[in-house]
Amino acid sequence: MDGPPSPTRVPPSYTDGPPSYVDTPIADEDTMSVPGNNSSLRLLPQGQDEYRSISPPNRVSPDRYHRPAASTAYSSRPGSSLGRAPSIPLSSSNPRSPIRPSTPSRVSTDWTRPPAPSVAYEPPDINGSPRPGTPSSQYGGSPRRPLPPAPLFSAKGAAAETTIPMPEPESENDVFVDNYSIMPDNDPRASLKSAHSYTTDSTFTEDDDITNEKLNHYGPAPEGRQDRRGLREAQMTKKEVRLINGELILECKIPTILHSFLPRRDEREFTHMRYTAVTCDPDDFVVKGYKLRQNIGPTMRETELFICVTMYNEGEIEFTRTMHGIMRNIAHFCSRTRSRTWGKDGWQKIVVCVIADGRQKVHPRTLNALAAMGVYQDGIAKNVVNQKEVTAHVYEYTTQVSLDETLKFKGAEKGIVPCQMIFCLKEKNKKKLNSHRWFFNAFGRALIPNVCILLDVGTKPDSKALYHLWKAFDQNSNVAGAAGEIKADKGKGWLGLLNPLVASQNFEYKISNILDKPLESVFGYITVLPGALSAYRYHALQNDPSGHGPLSQYFKGETLHGRDADVFTANMYLAEDRILCWELVAKRDEQWVLKFVKSAYGETDVPDTVPEFISQRRRWLNGAFFAAVYALVHFKQIWRTDHSLTRKILLHIEFIYQFISLLFTFFSLANFYLTFYFVAGSLADPTIDPFGHNIGKYIFVILRYVCVLLICLQFILSLGNRPQGAKKLFLSTMVTYSIIMAYTTFASVYIVIKQLTTHALEKTDPNNPYKLGNNIFTNLIVSSVSTIGLFFLMSFLYLDPWHMFTSSAQYFALLPSYICTLQVYAFCNTHDVTWGTKGDNVMHTDLGAAKAIGSGNTVEVEMPSEQLDIDSAYDVALRNLRDRVEVPKPPVSENQLQEDYYKSVRTYVVASYMVCNAILAMAVSEAYPVGSHIGSNFYLTFILWSVAALALFRAIGSSAFGVINIVSAIAEGRIQAKFERIFGGGDERGRHRAGLGSGFSESGKTGITSGSGMSGMSLSDVTSKISEKFSWMSGK
């Protein structure tokens, strides 16, 4: 009890001496926990926070009846005696309120200590008000702590000199004894009442059983959204801020709690958030003199990697999934300590730009996540600056914390390194193309990065995905774009595959990443670099001096209006990520190529409902179709490039492959019907009917009429209904198509088994039914098995075969829906070139306005002033009726012309699509009626073998991609090992002795560095020179 006092911690701001309450040691349970290297943080309010009352005014906590309280009124009370009051613990049987974090606990038992001095030690702030946390006069002037509110049962006329008797520690009436009464005999206050009753006059004693008392009902709980209690409301004040070059630029301190657990506070970029109100178009950002932190002061740095994250109205879970993945990738860059480009301070060469498309559209919880990281602060943005409308709000901050998907903080203790962030909050919703214009033309021109990476919110990149993308540019200076592998998010424990839509998309993504992307990468032209995970070389995107180039063509789709907006061009820009691909490869006098990087993968959410799935594929299919047509029509541009002859020949081979694929896509509706017609119709033959009694024929006739009617219904639905409004109808058609596909698959399997077990269908050579030739075994079995077998083979070669077992059945069941539902809906909505975000939000002001004056009860309006004006208007109305004055017709608006043009083109496209498929289906079905021999059906043979040939072509290209990667890896490893042995083990000093700069590590901006001996040739250039016989794998 009388041991030496604990040492006190005196803040440095107490220049004249500490106040009396600092002598009390701080209890662990009452202080805010700020761990140094723990993964979890307790963000508790500080002691200086002001709190609103968290309980109703007529309700008193039971704990308050056991507290000593003064009977004086607060208005006339001098100093509080609580500075010498003991902390009286409660009995374990009594209810107790939780300890308030804002109240320091007193654990000292020295009750004979003199009262607190009346001199205040803390200086006031610049406004003369007490500092936060300093007891002010409104609490009675006590330096101990803010006093609680006055007791509800205190008498109003209490004497000022009334105090509570405090016994000595040796007294027989110990305050820690249960039967000690803490109330004086002459206390004028009313007697204490039961904790659960406010109507009786009985004193609350130990004998009272409060558990059996009847509780009073205080009405129902409040409805609707309630303000959170216990938090201090933001107090806004007016300040004079000097404009910088006529623009509003603010340096705002970060929140105190965030500042308290930051590992680094030595630079202003860690302690202040920079806000800029941009009032110009993104193309004029640099011209108007706007600068980013990387362009000014001590934070002036070169940017090697510029990451763009675009979002619309996604929630905090999707945002944190993407952002935490980026933070893990930046940590991996910093872990590469042997690199000349990266290393410990590699984060200084990486800038992350988050662009939100519309201030009113962004999700509030996403803003909360950004605020928790210190990037965003509410209440400082303005709509108008210096009579100029703000177009974008730019927030800059170097954050040191990250939020994972579970919204838990991760800091330096988990390997998180600082991250330079730019948050661009666009004032209006202007679609994704405009967001990319802010990224490339505004911030890109200010930073001049080497590589730009594009991500969508919701995509979770692997911890090394961004490094592998960057490495593709570092190894080959001719690479202009790189595509990563997109994987479907299968959910926890792959439970998402129980949804057939998710499973079918998982299979589709896998086959594309195993067969299609590697094939196109070998040729050097990838038809689509996915916007969810792709990268571009910033220098390759730039326009020529005349203003013509990839970016100018890319952003053309943002300004298309009226009849000048070609419907083909408008639809092509729905899949905007396909535009840059063609423009880069076909750039005049250049030799840029595109590359697929399989090791750079990321997971993304896929649509799991029918309306969302159809709407997404409508944009993709239309954009892919019209972009492919555009590339095929303009293939001559390849001859104006600087590509080698071998590369040009390979590109033309790819164009032929794309043309064949485009034809199959256009006639896919007829091919599906004919395949069903011939295969399912074979069971109508009585000789092979599996059911007998002509049941196979009846089933075929029914399914045939259902299929035809369903296709007609699909056109009607697609022309007149949205998927969101006719969800059940679209779902019903997809289920029916799956039933038809299931019966067709059953017929194929039955025919194959029948062919392999009996000779009933093969009359030409009964001794050898398995020979190759024009028979069922060759045309049906070999072609089908070869197609599916190639899928299995390539999946096993890439060591990723699980989708064949978990998702292939769902994909083949939904394959008719891909053709008949998605393709038909896409062609029937070619006129719709919007993203579903437009609306008539223009306010018309031709009628004037009623302006409020005074207190708001009266308004000011314009009305006819004289009776003559009223009579004149009436006379005009009568004269117009009598003379039948012709009313001039308003001219057709620009929007109406555009809509009419788009709908007319839609009509031509749908009519051509429908008529061509109908003619093909009718002609072939008439040439080969039902019951004809499948082995002699030339068209079915052509279809089956064409599919097998295309699959084989894709498999050969995919295999070549794998072989090239293996050869490049072996050559690169051998050359690097050789130079490390010659030049001192490959360390930095050895490379400088050889005059190679950083060419045999991560080099620099273009894959070529400025060494002294060999002009800093990168490792890929040396490898390319040694392996000239593989010239088609290099960039030349």
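Each Cβ is built from the backbone N, Cα and C atoms, and glycine gets one as well.
Annotated features in Swiss-Prot:
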- 1-10: compositional bias 'Pro residues' (COMPBIAS)
- 86-108: compositional bias 'Low complexity' (COMPBIAS)
- 194-203: compositional bias 'Polar residues' (COMPBIAS)
- 1001-1019: compositional bias 'Low complexity' (COMPBIAS)
- N38: N-linked glycosylation site (CARBOHYD)
- N179: N-linked glycosylation site (CARBOHYD)
- 1-153: region 'Disordered' (REGION)
- 189-229: region 'Disordered' (REGION)
- 994-1019: region 'Disordered' (REGION)
- 659-679: transmembrane segment (TRANSMEM)
- 699-719: transmembrane segment (TRANSMEM)
- 733-753: transmembrane segment (TRANSMEM)
- 776-796: transmembrane segment (TRANSMEM)
- 808-828: transmembrane segment (TRANSMEM)
- 908-928: transmembrane segment (TRANSMEM)
- 945-967: transmembrane segment (TRANSMEM)
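Across 659-679, 699-719, 776-796, stretch 699-719 shows the highest tally of CB pairs under 8 A with the transmembrane segment (808-828). Long-range Cβ contacts of the transmembrane segment (659-679) within its own chain (Cβ-Cβ under 8 Å, at least 6 residues beyond either end) map to 625, 628-629, 632, 703-704, 707-708, 711, 740, 744, 747-748, 751, 816, 819-820, 823-824, 913, 916-918, 920-921, 924-925, 928, 930, 934, 937, 939-940, 943, 946, 950. Two recorded stretches are said to be in contact when at least 3 C-beta pairs lie under 8 angstroms, sequence spacing 6 or more; the transmembrane segment (776-796) and the transmembrane segment (699-719) fall short of this definition.
For the transmembrane segment (908-928), same-chain residues at least 6 beyond its ends with a Cβ under 8 Å from one of its own Cβ atoms are 666-667, 669-670, 673-674, 677-678, 715, 719, 827-828, 830, 937-940.
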